[in-house]
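The following features are taken from TrEMBL:
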- 32-94: region 'Disordered' (REGION)
- 120-138: transmembrane segment (TRANSMEM)
- 144-162: transmembrane segment (TRANSMEM)
- 200-218: transmembrane segment (TRANSMEM)
- 224-241: transmembrane segment (TRANSMEM)
Amino acid sequence: RSLHEAERFRGICQHPACSICQLLARAKQQVNGTDHQPKKDPRRVVSSSSVPNLPSPPLTSNPGQARVPAHHPTPPHSTMDGADSGAGGGSAAATAAKWRSDASRAFQYYLDRSTPHSTGRWLGTLGVAAIYALRVYLVEGFYIVTYGLGIYLLNLLIGFLSPMVDPELDPSAAADGPALPTRGSDEFKPFIRRLPEFKFWYAITKAFVVAFVMTFFSVFDVPVFWPILLCYWIVLFVLTMKRQIVHMIKYKYVPFNIGKQKYGGKKSGASSSSSKD
């Protein structure tokens, strides 16, 4: 009945913006929609929001095979791994540098403590030389290494026997620096070597150790006729020592500190007292 009255009112009212006409039209639409909407089964109506999105199971050829859940790999943390590896490398380098510094400091400490014990140092060097000679004798090889070692030791010996300032090579430096005594009445001056005794000993010991390590590598075992090398080294040693002795005689110096000359003060005092009496 109300719909029929609304239709009659709309037929009479021709105004498009009439609120009563709009309200009646909306009510008619709601009534028509309710009448023509099919009834749904509440058992079949399932809300899509209430059903979770479950992953579909993987297809397997064997129906009895157990289904393995899908594995989602995590993205690789390349930046973090690079940072960790860089930090690990830096810490390893710092540890190695610290260990090297500690070892060098300890070695220098014991080396300094051995400075006043010259006899013990040279006895140790003789022991190292004997071990090297025994090694070469047993393996019957490495003669070229021994020959190079002999040439190096001869060079060290020349530096040990030579003065720090050679007057033959640099006369001006000899005049300015500490001169060698030429007469017995001159003031006592100790002999200053070009190669000090401690450095001479250290270089010889290190040379024997290096040569001993080289005997464990076959690449240094060059086949040579060792008597020729021995004869050549002896001739070289004789000529070098002859030149050094001539240099010592020419400039009148002895490469060893014999000690300061001592005078008999008590004897002279006793003789003077007896002369007075």
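Positions of Cβ are set from backbone N, Cα and C atoms, glycine also.
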| request: Could you name the stretch, out of 144-162, 200-218, 224-241, with the greatest number of CB pairs under 8 A to the transmembrane segment (120-138)? | output: 200-218
| field | Same-chain residues near the transmembrane segment (200-218), Cβ under 8 Å, at least 6 residues beyond its ends | value | 111, 118, 121-122, 124-125, 128-129, 131-132, 135-136, 139, 141-142, 145-146, 148-149, 152-153, 156, 159-160, 193
